[in-house]
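If you check Swiss-Prot, you get these features:
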BINDING   HIS562, HIS566, CYS664, HIS668  Zn(2+) binding site
Amino acid sequence: MKTSELRQKFLKFFETKGHTVVRSSSLVPHDDPTLLFTNAGMNQFKDVFLGFDKRPYSRATTAQKCVRAGGKHNDLENVGYTARHHTFFEMMGNFSFGDYFKRDAIHFAWEFLTSPEWLNIPKDKLLATVYAEDDEAYNIWLNEIGMPSERIVRIGDNKGAKYVSDNFWQMGDTGPCGPCSEIFYDHGEEIWGGIPGSPEEDGDRWIEIWNCVFMQFNRDEQGNMNPLPKPSVDTGMGLERMAAVMQHVHSNYEIDLFQDLLKAVARETGAAFSMDEPSLKVIADHIRSCSFLIADGVLPSNEGRGYVLRRIIRRAVRHGYKLGQSKPFFHKLVADLVKEMGGAYPELKEKQAQIEEALKNEESRFAQTLETGMALLENALAKGGKTLDGEIIFKLYDTYGFPYDLTADICRERNIELDEAGFEREMEAQRARARAAQSFKANAQLPYDGQDTEFKGYSERQTESKVLALYKDGEQVNELNEGDSGAVVIDFTPFYAESGGQVGDVGYIFSSENRFEVRDTQKIKAAVFGQFGVQTSGRLKVGDSVTAKVDDEIRNANMRNHSATHLMHKALRDVLGGHVEQKGSLVTAESTRFDISHPQAVTAEEIAEVERRVNEAVLANVAVNAAIMSMEDAQKTGAMMLFGEKYGEEVRVLQMGGFSTELCGGTHVSRTGDIGLFKIISEGGIAAGVRRIEAITGLNALKWAQEQERLVKDIIAETKAQTEKDVLAKIQAGAAHAKALEKELAKAKAELAVHAGAKLLDDAKDLGAAKLVAAQIEADAAALREIVTDLTGKSDNAVILLAAVNDGKVSLCAGVSKPLTGKVKAGDLVKFAAEQVGGKGGGRPDLAQAGGTDAGKLPEMLVSVESWLCQKLS
């Protein structure tokens, strides 16, 4: 049975059982910021199980795309080396939302697996596990299914705590949870391994093929299991594992889907086809996850999901290199994947060209540094030793684009350990250099006396240019070699240099022989732009003809935020008053930060009105026009100008319909609608009369809104509120209750401490004229005071010093019986003690308190009190 046929059979079976076939959700869980990628069939129904969402059906079945790479669920390092680990897999599932429960779930699974009409798997090849306390599921298997008792395994709390078990599922520390029953398939006696729960359970003989989760409890904060009014079912059957069963093979990579992909990998890499070659399996697996991620909108980048994708692509390319393929090949496998899976997932075919282009671009980018990076690594490994130096790991990462786990992958093949601590030191040093980067930016005053730069970036993102000057370590040089950090000056540039609050562009300067990664652009002189970065491959020389290309994604984000800043500036003046003036700004791809003159905090109502006005302008989608004109003509337009700013005879006026007119030399969107969405995320004071506002736009604003929505839903669930309106009342009631409990707890602690203090007095050291108690106990500052007061009141000649440590801080309390205060004062004692533990304090002759910071000095200080007291008494 082919994998595609098995997928269809599963969905058809459950459709005949009254289930609605629901399309796979995206690999990017847009409604759940807690997840990096969709990794289970139930992810898209999470809100249904939690009661936040209601569907028009109570039974559902899906074939869900899943990715496990990065984050908590990360199978990346095992992929290619085991029979069943994948970065991408399909999870078949059937779900009941308060409809059927254990009996039907188990019967459905059994019928699909064993019925001659469906899979017809021999019954004696199957085994079931149940949670040890789930007699209901056990009896269904035994009495209704007819499974022999020796093939029903009870699994208890085998993970170290109550309800922490392979056979007990929970969504989190609180919330829906319940026992589960797993079905295992026996691959035969010739395969090593034992049944679940046995010492040999990790072998490959008995493989889990289906898991039925029975959500029947709601776990509260106290750990109580409260029965759900409508129990639900969440099941999962791994498609690749089941295909291996149906095709009578022992590895997922032997199934038809992977066999065709493996042959395609061998074809494109020129390698011999062999099931013993891990690199073939790595690439076959990775083309699936990479293609599906790109189809769902993820693109290679240096952060978040995009960086996980980049790591997977580069791991695949490296394994191709290992097989002898140094030319781009990975993108050519997309067509083979579309042939295999495009029928079930039409988005693959619809976006085939986009997937191929994204993979080819990333592959080509990495190919330029892969060979030199591998040479560096091979040289380092050839020197011998059991550990690869952290400095080498960092250079591979920083200069050659090797993700840490890619280097780890290579070293694992050679049984070489990684100097992780050394790598982290280098990373921290880089972060420190970044913080000090201003010393190598615009104000570096690099020596230059050549021609000016002609900026083409308003209309062009790519230019053909000539290298006019090169810099390394602040000095002019004739060439930059691979790995060198420096600056490049070219005659025509598309790169915007940092100015007017907008950060400099990034991108690449390259030719067929070399590549320079532009990480910042600054003005060396008023009309001379310096592109700062790293020579990642080849040698760049003065006079070279090169192509200069801006990073489109980052430029577009900068433009959205800059244009939004203009609209916000106008809206702030309209809402707050004409006194508002710009005091500073920072426009980056992530956000816009805007400082204004305003005497008090901007209210929530004022912020909402500013947001409304800006988004109104965005929705109007008016054209954004720029014109060069004389200062006199610019003033006639009513354009806003910054007080104290120096302008030339000619200025650039930026106009956004009737919404904003302002002088600006920055890069901007073509129409206001390109901004997408505008949201202010923070407001606060940074100096007297100056407020700072931070805002985001586009997809960043959408993501922020979704995260806030998710947070509200989580709060509703956590507080068990019925609606959003009830949340505040619930929180206030909870806070009041907690405060009352804290008071009761403090009172109880004080009473206990007083009782414990009585024994301290019994054990006091008798110095003749006084009885001394100097001890460390467990109590807070208030309890210390109560104990000391109680003890000094019970004796005519007691000198008490008690210490406690809470949250790393020292609390001290000294007390002296009143008849003794003529000779010994509590204030003097506590001052003496506090100085030794890094603190100070004082108080009355009979009672004094202090604090300290050095808890390590407590034992020594407590010993010294006796000699101090003896001197006072003598």
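Using the three backbone atoms N, Cα and C, a Cβ is placed for every residue, glycine included.
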Worksheet item: Taking the Cβ of HIS566 (Zn(2+) binding site) as reference, which residues of that chain separated by at least 6 in sequence fall under 8 Å from it?
Response: LEU654, MET656, SER660, GLU662, CYS664, HIS668
Fill in: Other residues, Cβ within 8 Å of HIS562, HIS566, CYS664, HIS668 Cβ centroid (Zn(2+) site)
GLN502, MET559, SER563, THR565, VAL624, LEU654, GLU662, GLY666, THR667
Worksheet entry | List of residues, in chain order, with Cβ under 8 A from that of HIS562 (Zn(2+) binding site) and at least 6 apart | GLY501, GLN502, VAL587, THR592, CYS664, GLY666, THR667, HIS668
Practice prompt. Using a 10 Å cut-off, grab the number of neighbouring Cβ atoms around the Cβ of CYS664 (Zn(2+) binding site), all chains included.
Written response: 24
Discussion item. Is it possible to get the count of other C-beta atoms within 10 angstroms of the C-beta of HIS668 (Zn(2+) binding site)?
Written reply: 24
